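Report on the following structure.
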Amino acid sequence: MKILMRADTHVSFSVPVEEPKAICTFSQVLAALSVSLGSLVVGFVSAYTSPALVSMTDRNITSFEVTKEAGSWVGGIMPLAGLAGGIAGGPLIEYLGRRNTILATAVPFIVSSLLIACAVNVAMVLCGRFLAGFCVGIASLSLPVYLGETVQPEVRGTLGLLPTAFGNIGILLCFVAGTFMDWSMLAFLGAALPVPFLVLMFLIPETPRWFVSRGREERARKALTWLRGKAADVEPELKGLMRSQADSDRQATQNTMLELLKRNNLKPLSISLGLMFFQQLSGINAVIFYTVQIFKDAGSTIDGNVCTIIVGVVNFLATFIGILLIDRAGRKILLYVSNIAMILTLAVLGAFFYCKAHGPDVSHLGWLPLSCFVIYILGFSLGFGPIPWLMMGEILPAKIRGSAASVATAFNWSCTFVVTKTFADLTVALGAHGAFWLFGSICFVGLFFVIFYVPETQGKTLEDIERKMMGRVRRMSSVANIKPLSFNM
């Protein structure tokens, strides 16, 4: 509440004037939905091989032979392509811009699915999967960066989790459609999904922060006005962006690698890498790999397709809960809950499989592994699934955001490939129980990593986060201390 003193008459009096409250504009929701449709495509193409390989390896359906070895490469080539896409994505979002990079993946996504749908040999399928994986690597990097730079702090968590929710919808859609369609028809459906994504991406602007980094102040002002609404005063936020960019420019070096290795930049980069490491080494891919076996051990007669649909439903529900909580409870609380849920369920799963192999008899506890499995997926999808990607777009400094996000994304895909390819050997060496206990131990270490190293970013502007992460405590002017926009949901 401001009190304005009137002095144009002999009598002074005060008039209460309400401060304008900013609102979460439709434009921000549209921007989040537009890029989230790209995440839906990512989810669909990532899940494609799970239902498709069943019909692809059936010679009654497929005109060419897909051997077991070829089938493993159809499934395994995506993490390698994602690694390449993650490396390429960093320079692309710096030079082309965040929006243009995301937009540039739409047509290759369509082409990749059409290559698979019209395939007459395994080589065409592999080419399609590699192109899709390359686009997935780029998209997984650029989507959180775009949302982190366009959405207001108060709803950055809620809208920032939309891509994860849509990604899970894409996975679920693929699993459900895969029960009715063969691999070719499923690929044609995959080719249709990027079309609305392509159309909507033309409606949204580039991020104001990228315009500022290119010295285009007027374009940045127009983008902010579009995002915040015509009635909003965007000048304080624009000045904050320009000041932050000026700080980065003063401290910048020409060598990108030297810039990444600067002490101030190493801290946020190492936190992002740590979150990616614990996300993948939580064993999520291993547990998903064991889905059908766990359902069998539970005494269930549900077939594999229905099992995967259950996984998709649980995944989506957990992410929806995360969307409701993340801007109220904060990032760290959800990471704590996620970690504890995974530690406990992995410990119990390990104990169950140990008893199954060495005694005593646990056949009467058929409900236990199924329950653990559902709780584990809920825990992962609530915290360690989406939050490392969300925080990557929040904590990385503006000047190195492209190159650092590229390193973090490539590291994530490397860990995915290692865990996926070594799990079979790990179960041979340690047994299923040993593998689950190993992943549980890594989650236990990850809990302390979150407690001591991961900052809380709830409700903070990217400039505030960057100043705290990089230790900038210089005196700010009164204008600098104005919050760009604040509102109550």
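Each residue, glycine too, has its Cβ placed from N, Cα and C.
What TrEMBL annotates here:
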DOMAIN    31-458  domain 'Major facilitator superfamily (MFS) profile'
TRANSMEM  29-50  transmembrane segment
TRANSMEM  70-90  transmembrane segment
TRANSMEM  102-124  transmembrane segment
TRANSMEM  130-147  transmembrane segment
TRANSMEM  159-180  transmembrane segment
TRANSMEM  186-204  transmembrane segment
TRANSMEM  269-290  transmembrane segment
TRANSMEM  302-326  transmembrane segment
TRANSMEM  333-354  transmembrane segment
TRANSMEM  366-391  transmembrane segment
TRANSMEM  403-423  transmembrane segment
TRANSMEM  435-454  transmembrane segment
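At the 8 Å Cβ cutoff, the transmembrane segment (102-124) and the transmembrane segment (29-50) share at least 3 close pairs (sequence separation 6 or more) and count as touching.
Recorded stretches compared: 29-50, 130-147, 333-354, 366-391, 435-454; the one with the most Cβ pairs under 8 Å to the transmembrane segment (269-290) is 435-454. Proximity of distant same-chain residues to the transmembrane segment (366-391), defined by a Cβ-Cβ separation under 8 Å and at least 6 residues beyond the stretch ends, is recorded for 140, 143-144, 148, 156-157, 160-161, 163-164, 168, 271-272, 275-276, 278-279, 282, 284, 287, 291, 294-295, 297-300, 310-311, 314-315, 317-319, 321-322, 326, 331, 334-342, 344-346, 348-349, 352-353, 412, 446, 454, 457.
Stretch with the largest number of CB pairs closer than 8 A to the transmembrane segment (159-180), among 29-50, 70-90, 302-326, 403-423: 29-50. Contact count against the transmembrane segment (403-423) (Cβ pairs under 8 Å) is highest for 70-90, out of 29-50, 70-90, 130-147, 302-326.
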